[in-house]
Amino acid sequence: MKSYWTHEWLVSTVDAVTTTNEVAATASGRTDSYAGSREVHRLEVAMLAAGLAAFGLLYVTQAVLPSVGTAFGVSATVASLTVSFATGGLALAILPMSSLAESFGRARMMRIGMVAALLLAVGCATSTHFWELLTCRALMGIALGAVVAVGMGHLGDEIHPSKVSGAMGIYVAGNTIGGVVGRLVPGIALDFGSWRFAVLMFTAFASVAILTFSLLLPAPRRFTPVPARGGHHLRAARELLADSGIRKLCGIAFLLMGGFVACYNFLTFRLTSAPIDLSGSAASRLFLAYLAGTVSSTAAGYCAGRFGRRRVLCSGIALMLGGLALTLPDHLGSITVGLVIFTAGFFAAHSTASGWISARASRSRAQASALYLMAYYLGSSTLGAAVGLAFLVGGWSATVIAIAVLAVAAFGLARSLDPGR
C-alpha cells in the first residue's frame, strides 16, 4: 500500500504499538494521549491525507508507463524501472527511517518526507533525461519511507488505545484510495496531455493532500526523543530471521508482490497495443480492480480465524493463478474478470501472510513487520522489472508464465509453513 495494509496485520500491529506505548506512558507518568478530543479528528484526517498522497506518489508513473517508454525511447522493461526505483528506495529506507524517527520526531519526519516527495514529483515531470527521472523516483521512494515507516507508529503513540483501531482504519483507507487515485488520475490525464502533464496533475492533487496533512497534524503530545537504536533493530532482525517461518513469509511477500506489480506494469502495455488498443485513460480504469482487494483482504482476516492461515494463504495464491489464466485471451471482458480475481487473490494472500508474521513474532513485532515490508517492496523493485524480460521475449503469454512461476514458488513456501504457529 497497500495501500497494502490489511486487517489481521493491522490488529496485531496496533496491539504491539499501543501496548508498548502504554507501558512507556505509565512509566513516565504521561497519560495525555488524545482520547475524544478535537485533536483526534484532526489527526485522523491528517493521516488520511498523508496516506492518500504517499501511496499515490509512489505509483504515479505506473499508469503512464507506455507513454514514458515512448517519450524516452526505452523498452517496457526499462520504463518499468520508474516504479522499481521508487519501491526500491522505499524498501531500503524503512529500517533507517524507523530508527531516525525515534530521535528526530515522527511528525517532523513525515512533514519533511512529504514535502521532499512533492518536490521530487515535480522533478520527475520536468526530467529531460531518463536517468534524471530514475534518480528522482529513487529519492522519492526514500522520502516516502518517512511516512510509510512511521505513520502507524505515530498514530499508536498519540491516540488513546480505545480510539486507535478506528484511526488506523482511516489511515489504511487513505493508503488504499491513494494507490487507486495515483494510478487513475494520471491515466485519465493522458487524454489531455503528455505523461509529464499527467504526473503534474496528480502532483497538484497530492499537494492539496499534503497541505491538508501539514495544517491539520496536531503537535505531538507523547513523543519523547531517544537516541537512534540502529544496532537494536539489526539485532532484532537477525533474531527474527533465525525463524524459518519468518524467512518463508518474507519470501512469500517478495515473490507475490513482485508478480503482482509485474502484472500491472506490463498489462498496461498490452492493453494499449493491438489487438485491444485501448487509450491510456481507458486502460488506467482497470486499476479500479484494486478495490477488490479491499473486500478480499477483510474477508481473508475472518476466514483465517475460521479455517486456518495456511489454507487461506494457499487459496489466495490459487485465486491469483486462476485469475492470471483468464487474462490470456485477447478479450477485454476476460482480462477484466481475470484481473479482479487475480487482485482479490493477491490481497487475500498478502493480508494473511502479513498478519501471520506479526502473530508469529512473539516479540519485536514492529521489526517483524518492517522486515516483511522490506521483502514486499524489494519484490516490487526487483521482480516487478525483471519479469519485463519475459514480456520483451514472448509478450503477455510469457509474462503470465513468469508470474505463475513466482506464484507457484510462493505456494510451495506457504504449504511448507507449520499451520500451528
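Every residue gets a Cβ built from N, Cα and C, even glycine.
Feature annotation from TrEMBL assigns domain 'Major facilitator superfamily (MFS) profile' to 42-421.
The transmembrane segment feature in TrEMBL is assigned to 45-65 (among others).
Feature annotation from TrEMBL assigns transmembrane segment to 71-97 (among others).
The annotation transmembrane segment is assigned in TrEMBL to 109-131 (among others).
Long-range contacts of the transmembrane segment (137-156) within its own chain (CB-CB distance under 8 A, at least 6 residues past either end) are made by residues 5, 13-14, 17-18, 21, 43, 47, 50-51, 54, 57-58, 61, 82-83, 85-98, 101, 106-107, 109-110, 112-114, 116-117, 120-121, 124, 164, 167-168, 171, 220, 366, 370, 373. The annotation transmembrane segment is assigned in TrEMBL to 137-156 (among others).
For the transmembrane segment (195-217), same-chain residues at least 6 beyond its ends with a Cβ under 8 Å from one of its own Cβ atoms are 42-43, 45-47, 49-50, 52-53, 56-57, 60-61, 63-64, 67-68, 71, 107, 110-111, 114-115, 118, 121-122, 124-126, 178, 181-182, 185-187, 189. Taken from TrEMBL, the feature transmembrane segment applies to 195-217 (among others).
For the transmembrane segment (249-267), the residues of the chain that approach it from at least six positions outside its boundaries are 62, 65, 76, 80, 83, 87, 241, 286-287, 313, 317, 320, 324, 327, 335, 339, 342-343, 346, 349-350, 353-354, 356-357, 360, 371-372, 374-380, 382-388, 391, 396, 399, 402-403, 406-407, 409-410, 413-414, 417, judged by C-beta separation under 8 angstroms. Positions annotated as transmembrane segment by TrEMBL: 249-267 (among others).
Here TrEMBL flags 287-305 (among others) as transmembrane segment.
Here TrEMBL flags 312-329 (among others) as transmembrane segment.
What TrEMBL records for 335-359 (among others) is transmembrane segment. Below 8 angstroms of C-beta separation, residues 4-9, 11-13, 16, 246, 249-250, 252-253, 256-257, 260, 263, 267, 271, 276, 286, 289-290, 292-301, 304, 309, 312-313, 315-329, 365, 368-369, 371-372, 376, 410, 414, 417 of the same chain, each at least six residues beyond the ends of the transmembrane segment (335-359), sit close to that stretch.
The transmembrane segment annotation in TrEMBL covers 371-392 (among others).
The feature transmembrane segment is assigned by TrEMBL to 398-417 (among others).
By the Cβ criterion (distance under 8 Å, sequence gap of 6 or more), the transmembrane segment (312-329) is not counted as touching the transmembrane segment (71-97), fewer than 3 such pairs being found. Proximity of distant same-chain residues to the transmembrane segment (109-131), defined by a Cβ-Cβ separation under 8 Å and at least 6 residues beyond the stretch ends, is recorded for 50, 53-54, 57, 60-61, 72, 74, 78, 82, 97, 100-101, 137, 139-140, 143-147, 150-151, 154, 196-197, 199-200, 202-203, 206-207, 210, 213-214, 217. Here the domain 'Major facilitator superfamily (MFS) profile' (42-421) returns a mean pLDDT of 91 for the predicted model.
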